[in-house]
Amino acid sequence: MVVSSASISKALSSSNLKDLRRIHALVISLGLERSSDFFSGKLIDKYSHLKDPRSSLSVFKRVSPAENVYLWNSIIRALSHNGLFSEALEFYGKLREAKVSPDKYTFPPVVKACAGVFDKEMGDSVYNQIIELGFESDLYVGNAVVDMYSRMGFLSRAREVFDEMPVRDLVSWNSLISGFSSHGYYKEAVELYRELRRSSWIVPDSFTVTSVLYAFGNLLAVKEGEELHGFVMKSGVSSVTVVNNGLLSMYLKLRRVRDARRVFDEMVVRDSVTTVGNILIDVYAKCGDVIAARDVFKGMECKDTVSWNSLISGYIQSGDYLEDSLQIFNSMETRDTVTWNMVISACVRSGDFATGLQVTTQMRNSGVVPDMATFLVTLPMCASLAGKRLGKEIHCCLLRFGYESELRIGNALIEMYSKCGCLKSSLKVFEHMNRRDVVTWTGMIYAYGMYGEGEKALAAFADMEKEAGCVPDNVAFIAIIYACSHSGLVEEGLACFEKMKTRYKIEPAMEHYACVVDLLSRSQKISKAEEFIQAMPVKPDASVWASLLRACRTSGDMETAERVSKKIVELNPDDPGYSILASNAYAALRKWDKVSLIRKSLKDKERKKNPGYSWIEVSKKVHLFRAGDVSAPQFEAIHESLEMLYSLMAREGYVPDPREVSQNVEEEEEKRRLVCGHSERLAIAFGLLNTEPGTPLQVMKNLRVCVRDANRFHLFKDGACSCNDRW
């Protein structure tokens, strides 16, 4: 069988991969593959253009050892063109080992590969070889080097190479302008653009314009942006999609929504409407106009996944639109990872963890591959739910996908494990992290604080201060004072507060003052705490007084409690949390008229207290309990178990504290029911009924537990609590 040159030429010009492979197989079967280096090079190039670099590699290996630089150039170019940068550099190294002399066509793909792997040292070495061989004056080689340094952010070096070029074209200018613009040097990018217009006959193209529009948007340069828009209209690039995208992006940053809409309406090339429409939806969404965003969406004939994602993002960013976002989400036929991540994140931010968990399960069942962003939104959800089992499953996925070494992932794992009651696991993650920042250390300090390990928290804080590049910030000081507070380390906590002001020059925020009040109050230093509040240089808010009020109730200082309750109600009458706290204080004082007044005020303002509920995981299932909920699983058995426990407690001398009754009731049995019917007690009884004796029971609650403390873990063992009654 004879293979004509015409059929080979046809195959090489075809955009059909099957046709190319068929002719290639025929050439191999006839033993003609090594007959022409030119043909082999063309095959390598064609496979590369059809996004099949592995076939390009196969061709090269079949004709090796290649002594012709043309073939080496072809394979290096194929690998670099398809993003296989490490392999491209590997073959460049093999070329050097084979003593094949590179030519000027060798270097552009090699230099591109250096930028692709972000290896400046390798890039410098290759550029030195270019100079040694005398190719630095070649326009295409010079452009590649300028682009390499620009992409990696070494802009002064890029400018040096640019200035040394004997000849420049538009590609040279575009590489440098884009480099400055994309790395945040907007003024320098604009100055380069002006230099281009002043000193060169070269006319800017769509690529130039897009980079400069980006710079003008970030500089909030309204006049210059409008002038460039005028140039776009005159120069004939207004039909280019990327230019329209750039104009819309610029007007978004300038908050010129009408101008953005005008760009959209005046578009000439309608096949790019979907892309530009997506940006316009994003424009309206970020400006808070979800109605306009929805109108643009409805008016689009062709909608892609990005269109749907942009609309969902708009609803999410605009506030209380989770339900609408979920409706749009459920209407989508095709969802990508971004879609799932956005909806899960929205559920977490709104506190709807049950829906977030449901969507996460749907995502896992759909076969969509999670990315790092997925894990960064699901781990906080596990932390909030104390979902240790799910958290461990996600940790296994992280190991499988290779994300465990990422700094943000490590930080999220520390938080998740600490909030799930696994201090040892938090510490294990911390110790295995290759790199730590102030967030890492703060997370570990906070974890120690949650478990009352104040001494370890102080040691970790001291280690953080010694670590290069880790300077404690305001959040780190909140964490360490909090840790001292929960361990009774009053002097150490006060010393940290002073250190924050004097050594680190951090101005205390209201959260810091509230932490110090809590520090003093938990150690029963009520008068000192009140003196501290009175001496504050700023007016204390309700959070500061609330820290004192909780301690007053615990210590029985009801005189101070009444005075503080009055202040809280005056400062923040509309906050149901603070109002309920004050109401409970008045209830302990038996001032039912004031209790009724606060509760009536909340009812009139339609403010509701968050219902308290507890949950426990038994046999891989989460069980939820509310106080007095007769529909709870095994309610009768739970009730009997609690009655037995109450009898045993009474026999040991336990008497319910009537001050804990926040409602006006006279019957002693009803008082006992209100005190002893907490949701966490129902969860404990359920756990005792459904687990083997000696099994640790982990009960979580959205509000405060019986000891009226929602800020740490309380480990009960042999009748004693790990907090040593500091609550």
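Placed from the backbone N, Cα and C atoms, the Cβ positions cover glycine too.
Straight from TrEMBL, the features:
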REPEAT    68-102  repeat 'PPR'
REPEAT    169-203  repeat 'PPR'
REPEAT    304-335  repeat 'PPR'
REPEAT    336-370  repeat 'PPR'
REPEAT    437-472  repeat 'PPR'
DOMAIN    653-706  domain 'DYW'
Long-range CB partners for the repeat 'PPR' (68-102) (under 8 A, at least six residues beyond its ends), listed in sequence order, are 37-38, 40-41, 44-45, 47-49, 51, 53, 56-57, 60, 108-110, 112-114, 116-117, 119, 122, 126, 129, 133
Secondary structure split (DSSP) over the repeat 'PPR' (169-203) reads 27 helix, 0 strand, 8 coil
Summed over the repeat 'PPR' (304-335), the DSSP helix, strand and coil counts are 23 helix, 0 strand, 9 coil
